[in-house]
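Q: Feature table excerpt (Swiss-Prot):
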COMPBIAS  1-10  compositional bias 'Basic and acidic residues'
COMPBIAS  24-63  compositional bias 'Acidic residues'
REGION    1-73  region 'Disordered'
REPEAT    343-384  repeat 'WD 1'
REPEAT    386-424  repeat 'WD 2'
REPEAT    463-505  repeat 'WD 3'
REPEAT    508-548  repeat 'WD 4'
REPEAT    549-588  repeat 'WD 5'
REPEAT    592-631  repeat 'WD 6'
REPEAT    647-678  repeat 'WD 7'
Amino acid sequence: MGHSDGDHGSDLSADDSPWSEGSWSDDDDEGSLSFEDSGEGSDAESDEPDAPAVEESDSSEDEVAPRNTIGDVPLEWYKNEEHIGYDITGSKIKKRDREGRIEAYLRNADDAKNWRKIYDEYNDEEVQITKEEAKIISRLLKGKTPHTNVDPYPDYVDWFEYDGKGHPLSSAPEPKRRFVPSRWEQKKVVKLVRAIRKGWIKFDKPKEEPNFYLLWGDETDTADNKRQGLSYIPAPKPNLPGHEESYNPSVEYIPTQEEIDSYQLMYEEDRPKFIPRKFDCLRSVPAYEKALREGFDRCLDLYLCPRTRKKRINIDPESLKPKLPSKKDLRPYPRTCYLEFKGHNGPVKSLSVEATGQWIASGSSDGTIRVWEVETGRCIKVWNVGGVVHRIAWNPSPDRHILAAVVDHDLLLLNAEVGDEDAQMKTKGLLQIEELAQEEDNGDKKPAVKWVKHEKFDGIMLIHHKAVSTVEWHFKGDYFTTVVPSGDSRAVLLHQLSKKHSHHPFRKLPGLPIAAVFHPSQKMFFVATKKFVQVYDLQKAQLVKKLESGVREISSISIHPGGDNVIVGSKDGKLCWFDTDLSTRPYKTLKNHSKDITNVTFHRKYPLFASSSEDCTAYVFHGMVYSDLNQNPLIVPLEILRGHSSSDGRGVLDCKFHPRQPWLFTAGADSVVRLYCD
């Protein structure tokens, strides 16, 4: 159905119009237009519904004709003219004179309502807005609706109510096209794939960024990292005067004339810049002689010296320390002295523990070898060999109770006379020798070693051509090695107890040998010279590795039961840990002792190792070696063992671990053997 004119007019009646609540009227007081509330919105309805509504307006704006008659043309056309349009008679309408800044300032000062006047450029007149219009403008500037009675966010009214209805708005079933792949999309994909394969569609390759950098510059100085180019760096402030520049210093701070004369003999950079003097009062202080010079030097520094910002990193010193486990979690380890073995009259130079840990043997410079019972500390056997015992080693086999002792220049094999009868019989059988065994090498006139029966002690004496320093057993107990430091090609010798045979495997060594030890499980042989450790393969007769210690002189060496780690002690108090799988250089270097390290040793069962020194101390460390090759060994210092006294400048001469318990034996120059337990 269509609407008639009357119906259309009724839709725009005063009841439906947003302006029905008010009317436009002339404001006599203000001389302008204002919007007033009529309060007759409810009575504006027509009693006759079919009567056409007539729009009426009380505004005088519709009655006043526009004063400008130029029409709808740009005002720029009359910008430089004296008139603006023409009147009905054709005369020019002159522009009103604009007031200057002084007149406008005076009018603002005199008229309090002048801020509400607006210049109408189209009609060339000033219009004063009312308070209501000012409020409307203020609301528009704030982004609000012009009138307060308009609600911009009315309550939402849901016109559709599903409750109580029998049918929904739409209950059509889902179309089949939503479940079936699109055939047209498949064709488009096939076309795109074919075009990509044939090269019709080419993708843009990613741009390669230049991988250049400043070779001699700092990354912080690049233009990319700077904000708005060069940043201002304030100049450093000059140093403030200190107490030394006091005009009335204490007498002890005033230098004498001799000290002042001695300053002239010093270099200029070392010479003090200010000499304190004493004055009665502050007004007696003369002008500073170097004020002009120092001011000029500072100006040169500010003008010529470049300034850079140095980033200071505040690092907590505690965070730099390695995180080590607590000592309580690493127990047991030797901490306190449990027992003392006394009986020697001279410094105890060497120790050796029996394979089961029941007996311990000690050798002293008083010419005696003693065997002690570990649990009771009772001495059960004493041999007076008549010479200084430099080294002693117990056979590692449990059924071979044989002691190898370096006495003066030669090596003595003794029956320890401990154990059951079967072990005694086997030990005596190994120490039997029928005739003189002289082993001669090819081309040598003199034998390297003579195996001689020692009738007094019912043992064997191995007579070397030069003095022997150390002796070490193979882990099976049949082979042992001796080191003759000044023996040239015969410096390192290998001996076989069962065959009474000796030979020297090395024709030439790169340095003077200090010690030699066997690998605990493989056919490897370690020879320590003054600065290097050579690792040889006895089966292939070739050099495998050469470990560089970096110390002044090696004094002792020990092999980890796993065979892949080596510790070396030096005469400058350093202990080096080598991880042979990692590098030929030390993994860790520990500087704990103030004097020479006399011996280093590993524990066979526990992750412990120790070092003894002539400073009368023995250090115990936790050394855990992991089966994972990606994890480095863990080294933790545990305890410093003290108790030995110094004799002739010497302290602890040897240290050995118990084979089964976390106990440590130490031999001191004070003729005492100490046992440290947990």
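In case you wondered, yes, glycine gets a Cβ from its N, Cα and C as well.
Small disclaimer: the values here were computed from a predicted structure and weren't measured.
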Q: Write out how many residues of the repeat 'WD 2' (386-424) are helix, how many strand and how many coil, based on DSSP.
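A: Helix/strand/coil tally for the repeat 'WD 2' (386-424): 4 helix, 18 strand, 17 coil.
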Q: Which sequence positions outside the repeat 'WD 7' (647-678), separated from its termini by at least 6 residues, show Cβ-Cβ distances below 8 Å to it?
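A: For the repeat 'WD 7' (647-678), the sequence-distant neighbours (Cβ-Cβ under 8 Å, at least 6 residues beyond its ends) are 331-342, 344-353, 355-357, 360, 362, 364, 366, 372, 374, 377, 595, 598-599, 601-606, 608, 610-618, 620, 641.
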Q: With pairs 6 or more apart in sequence, are the repeat 'WD 3' (463-505) and the repeat 'WD 2' (386-424) linked by at least 3 Cβ pairs under 8 Å?
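A: Contact between the repeat 'WD 3' (463-505) and the repeat 'WD 2' (386-424): present.
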Q: Using DSSP, what is the helix/strand/coil residue split across the repeat 'WD 7' (647-678)?
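A: Helix, strand, coil within the repeat 'WD 7' (647-678): 0 helix, 19 strand, 13 coil.
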Q: How many helix, strand and coil residues does the repeat 'WD 5' (549-588) contain under DSSP?
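A: Per DSSP, the residues of the repeat 'WD 5' (549-588) fall into 0 helix, 19 strand, 21 coil.
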Q: Calculate the per-residue pLDDT averaged over the repeat 'WD 6' (592-631) and state the result as an integer.
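A: Within the repeat 'WD 6' (592-631), the model's average pLDDT equals 92.
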